[in-house]
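The structure appears below as structure tokens.
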Amino acid sequence: MALVLGSLLLLGLCGNSFSGGQPSSTDAPKAWNYELPATNYETQDSHKAGPIGILFELVHIFLYVVQPRDFPEDTLRKFLQKAYESKIDYDKPETVILGLKIVYYEAGIILCCVLGLLFIILMPLVGYFFCMCRCCNKCGGEMHQRQKENGPFLRKCFAISLLVICIIISIGIFYGFVANHQVRTRIKRSRKLADSNFKDLRTLLNETPEQIKYILAQYNTTKDKAFTDLNSINSVLGGGILDRLRPNIIPVLDEIKSMATAIKETKEALENMNSTLKSLHQQSTQLSSSLTSVKTSLRSSLNDPLCLVHPSSETCNSIRLSLSQLNSNPELRQLPPVDAELDNVNNVLRTDLDGLVQQGYQSLNDIPDRVQRQTTTVVAGIKRVLNSIGSDIDNVTQRLPIQDILSAFSVYVNNTESYIHRNLPTLEEYDSYWWLGGLVICSLLTLIVIFYYLGLLCGVCGYDRHATPTTRGCVSNTGGVFLMVGVGLSFLFCWILMIIVVLTFVFGANVEKLICEPYTSKELFRVLDTPYLLNEDWEYYLSGKLFNKSKMKLTFEQVYSDCKKNRGTYGTLHLQNSFNISEHLNINEHTGSISSELESLKVNLNIFLLGAAGRKNLQDFAACGIDRMNYDSYLAQTGKSPAGVNLLSFAYDLEAKANSLPPGNLRNSLKRDAQTIKTIHQQRVLPIEQSLSTLYQSVKILQRTGNGLLERVTRILASLDFAQNFITNNTSSVIIEETKKYGRTIIGYFEHYLQWIEFSISEKVASCKPVATALDTAVDVFLCSYIIDPLNLFWFGIGKATVFLLPALIFAVKLAKYYRRMDSEDVYDDVETIPMKNMENGNNGYHKDHVYGIHNPVMTSPSQH
């Protein structure tokens, strides 16, 4: 029933499902950012047996030994084909061959069944004749025991052998109890397992409409992204055009701007230089006049009579000789002015080159705004197309017959659930009968083995090696009786147990080998996929059932595998044959509509970097003459002292010499002149030095600017021509390329979205994984794990225990002779004939007819018995 139920679940979905088309791959492109919300199912994908799985594997190994051959796909196909025939001719060679193949495959199972049947037939017969034989005082029925030299050894061997066999039987009984309990507990889980599967199936039914709504909702996300780019066409398209033009234009404008800055710096440097030269001319004249005055004063002071007297005369002569150093630098007054160059630069600055450059920058930066102004109409048209695409997609999804599919499948699920819930109590009732029957069987075996254990226990504990067979104690005798009771029960019930073992073995082994194992390896599906097997008119049953196109390859194995991979129903069942979503979505048609609108997008840009006035301005600056100035002459003067000597040192030296003179007018006059020289240094020399420093800085600026000025301007003008030519010749192609790129971006959103719709409907929507899980639950879990595995473990354990009852009863019969109290025993009158064992035990032979009050009717020698 479980197998039929699982198959109906799968075929029910197949027979009532029609959906969209299948993409070329089951893997979504990495560029897609859409993802359907994950659906969580309650039923586990796999079933784990737990620790008892070790016992199940032990049974599987035994079955592999009994039936090691591979699954007979061809034989099963031919058998099913024969089964569908209205009349079977058993005399046909192919029928005979098929029968032989079946026998060959089932050889191991048949052999075990034959052995079991022999056991069933022979055990009652053997038991009957054994009983009759015992009643005739044969077969160990005579209560007399011969004394044997190896008797104690045999007793121990029989006891140990029986104990080992009883342990083996106990293990088998344990397997039986465990298997019986597993069936009981697992059947109780069936209701919860069924409810879990039906809950997952209803989750599938409920989630599918939500998935479709989610897919439709993602169009708004896509459209909003496209609208954002359309509303930002100034930054997206205009920015793209600007980024393409910027590398060829900005460097030129930056160079022109730096040149405009250089012109301003040149003007400032020339103005500073011109004013500095005028200041130097005036300051140098004043310095020369001051030095002339101080020299006149010093000469007048040196005319003092004291200078004629030794040693003052030497000091005066020294001072007189140094007066020639008090001169100014006349070359400072000869430096040429820069009025002409300054006038040229001022003429250049009459044209606002910096403003012209800013206009070039502005014309470039205005590209995004100009693009937005010129594309307003086109953007509105594209938005209308995008809105219409949304309506088309909504119409396509509404035409998908998913609601009809879900409604039909929902009815099927409800009917199946009602059927299962209606029959589960019956199943649980039958399970109770099975459990009670298994409990009785295991208890019966337990009773038998308990008698054996009690017999061993009483026999071993009550055995007295000094007692004769006729004088054995009550405990030992009870042990022997227990053993014989076990033997009697074994003969009475073991053949009945073997009947149960054979029947369950044949059923369980064949179901395991022909259903469970091939289901796991999918070989069973390959048999069902055999062309013309299930329907002689259809090559492939599923495609014929669904589409009436039996030539289309749609197999049970492929459908089951796809469902296990959580693939959507549409792609799993190749339902594009009834509703091709690719044709209805028609991605190229929708993207073509967007492309046609984008083709009408035209952008005109007139960019002029620098006019003729700006070019002439640069050329005039290059010809202003600052590159032809003799900067070395200016720099040479800036390195010289304004006076012929360091006036401060001269003043200190003069003051020292004056101090060496005797006090008087000459000394005072020289000190006053020294102070005057210090004042000249402070008021005349230091300002000149400051002016020379300013002149040096201005000269360096002009020298740096004028160095290679003509070449730089020529290079800038060449770059300007190149940039302007690039704008003239390439702007239109740049606009076209960026427009296409912009269009591909807009179209790409919808291509990805439409492809995602196709992929989702084909691979994700209405994932049939719950159906595969339900089939696994019905076959692999319920039938194989809940029923067949415990059933196989049951017959394996009970069969092992039953088989070992045979050697157990043999050893029990042998061993009972050593525990039971005998009616007679061997008597030895001659001590020389007493067995050595008896001598060792201190028994000198039996000389009386009555020993311990027990009549001894047989008084013969051992040879008579």
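Indices start at 1 and increase along the chain as displayed.
Note that Cβ sites are derived from N, Cα and C of the backbone, with glycine treated the same way.
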In Swiss-Prot, Glu57 and Pro337 sharing a membrane side: yes
Residue from Asn206, Asn729 to which Swiss-Prot assigns N-linked glycosylation site: Asn729
Lys257 (N6-acetyllysine) versus glycosylation sites Asn395, Asn580, Asn729 - nearest by Cα: Asn729
Touch test for the transmembrane segment (158-178) and the transmembrane segment (793-813), at least 3 Cβ pairs under 8 Å: yes
For Asn580 (N-linked glycosylation site), the one of Asn220, Asn395, Asn548, Asn729 that lies nearest, given that the glycosylation sites are compared by Cα: Asn395
Cβ neighbour count within 10 Å of Asn220 (N-linked glycosylation site): 11
Shortest C-alpha distance to Asn730 (N-linked glycosylation site) - which of the glycosylation sites Asn220, Asn395, Asn414, Asn548: Asn220
Where Asn220 (N-linked glycosylation site) falls in three-state DSSP terms: helix
Nearest of the recorded positions (Asn220, Lys264, Asn729) to Asn414 (N-linked glycosylation site), judged by Cα-Cα distance: Asn220
